[in-house]
Structure formats: C-alpha cells, structure tokens
Amino acid sequence: MSDLGSEELEEEGENDIGEYEGGRNEAGERHGRGRARLPNGDTYEGSYEFGKRHGQGIYKFKNGARYIGEYVRNKKHGQGTFIYPDGSRYEGEWANDLRHGHGVYYYINNDTYTGEWFAHQRHGQGTYLYAETGSKYVGTWVNGQQEGTAELIHLNHRYQGKFLNKNPVGPGKYVFDVGCEQHGEYRLTDMERGEEEEEEELVTVVPKWKATQITELALWTPTLPKKPTSTDGPGQDAPGAESAGEPGEEAQALLEGFEGEMDMRPGDEDADVLREESREYDQEEFRYDMDEGNINSEEEETRQSDLQD
C-alpha cells in the first residue's frame, strides 16, 4: 500500500520549463491560470503566482498518480486529495508537501484511517477500520504506530487498554456485549521457538493475556485502566463489581476456566470471541474453551437474578 506517501512521487520543478500555455506577469513569469506539460511527462493545470504553482491546481504524474488541491509556492499545502498509482488515496490537510493535520486515507484493501497526521505519518488521535473483519482501533498513534491509550472494537466485544508498537501492553479489560467485563493484563513474553530457529538471534515477543477478574459493565473513559486490586475487608464495594473480596458466582465460574496465561491478540478475530449461544440466557450455558479461546459465563440466569437483586 502507498502509506509511505508521495515522497516517492516528486513533482517536476518549474525550472524545467517544458510546454506552457497561460498567463504571465510583466516579468514573463507564469502567473494566473495556466497549463504545463513538463519534460518528465507530468502535467499541471491550475493557478500560478510569480512562476510557481500557487492556489488550486491538478498535478498528474505520468504513472497515473495525481494530486488535486491547494499549492503554496510549488508545495502541496492546505486541503488536497492525492490518488496513488495503486488506487489508494488520501483526502485531507497538507503542509510543505507532507500529509499534516487531519485527513482520511483509503487503502486498496478497503481499510481506512481517519484522524490526525504529522509529517506524513499517522500521529495523534485516529481511527483505523479493518474492512475484512469490521474491527476498528480507536485511539492514539505515534509515528505511524498504534501506541498509547486506545480501544479495539470487535463485533460483540471490545478491548480497552494501552498499546505499544501495535501490541497491547499492561492492564486492560475486555468488555462483552452480554453484560460483563474481564479484567487482566497483557505481558510481553518470548515466543516459543522450534529447533530450526534456535540459532536465530532475533527473538519474537508476543503479548499474553492474564485474566484476573470478572465484573459488571462500567463506564469507559479514555484513560489507562488501573490494575484491579483485592481487599481483605468485607463489605467494601469495588467499582463495577459486586464485592472486591470474592467475585460473584458468575465471576467465579468464569475465572475457574482460565487460571494462568492465555495467548490472546486483540487483532485476531477468532482468538477471543464471546459467542452468544442463545438469546434465552436461562436455557443455555456459556463455557470457556481453552483451545478456541472463547470466554463465556456459566449461568447467565444467575447473573440476571443477581442484577435484579
């Protein structure tokens, strides 16, 4: 994909005269509306000022790429749309020939990024939509990478926590549409390697999810979740939980199934899906499968009665 951008598609300078039709000023410089065919085969049609592209214009590269938007002294600057040779495109703000400000990038696989850009890279707050799965990352970006507090939203659940180099790290939680949250943390561990990989110096680090607690739904705020802590005193309520000492019957049933660490990647659609087996919760059970990674409740009827009480 063309996310690296138009730095690979340099526009011909106006010193290379080529063919030109249009207005000129008293000094003979290109000025006003004009059309140019440059020696390298590129073309430009639009506004000029004192011999430079300035104002609205359309620059077409001979390889099929084109830019439609604003120029300031030969530089893409302001609002503009760049269509790359592979069909991907960027619509948004430019500064000094770079994607800078707010914009939308449409990738050839139908993924989209909508948000802030800095010096040609995704940087700041932005949303990346994965077209194939419908999942989306909503949160912070640093130098083109998913990094900082964010929310990864899937079809029937979401992960809320912190990311580093596109991987979830530290404390966070999974929020399921059936009405519960699973708290825990991601720990970066070395991936197990086979014999054929023993001599390789590079070590792949993968995040592993360790679940610690199940609670009722709580309001999400875009701040790093704190690691849940237990209390020894009875009768002390923890946020979003029935009690902070011992979990309720539903939470206990869920926790019994996943003692220890699990390989769970928020970006993998089949790794951490909570399936709703039936809308009639009092007749069906939700079970946690160690192989498939499905986190389910033992008796939804019990949870519903607890909520009513």
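Keep in mind that glycine also has a Cβ here, set from the backbone N, Cα and C atoms.
Per Swiss-Prot, these features apply:
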- 1-19: compositional bias 'Acidic residues' (COMPBIAS)
- 21-31: compositional bias 'Basic and acidic residues' (COMPBIAS)
- 262-290: compositional bias 'Basic and acidic residues' (COMPBIAS)
- 1-42: region 'Disordered' (REGION)
- 222-309: region 'Disordered' (REGION)
- 20-43: repeat 'MORN 1' (REPEAT)
- 44-66: repeat 'MORN 2' (REPEAT)
- 67-89: repeat 'MORN 3' (REPEAT)
- 90-112: repeat 'MORN 4' (REPEAT)
- 113-135: repeat 'MORN 5' (REPEAT)
- 159-181: repeat 'MORN 6' (REPEAT)
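Mapped onto DSSP helix, strand and coil, the repeat 'MORN 5' (113-135) counts 0 helix, 15 strand, 8 coil. Beyond the repeat 'MORN 2' (44-66), the same-chain residues lying 6 or more positions past its ends with a Cβ under 8 Å from any Cβ of the stretch are 6, 9, 11, 14, 22-23, 25, 27, 29-36, 38, 72-74, 82-85.
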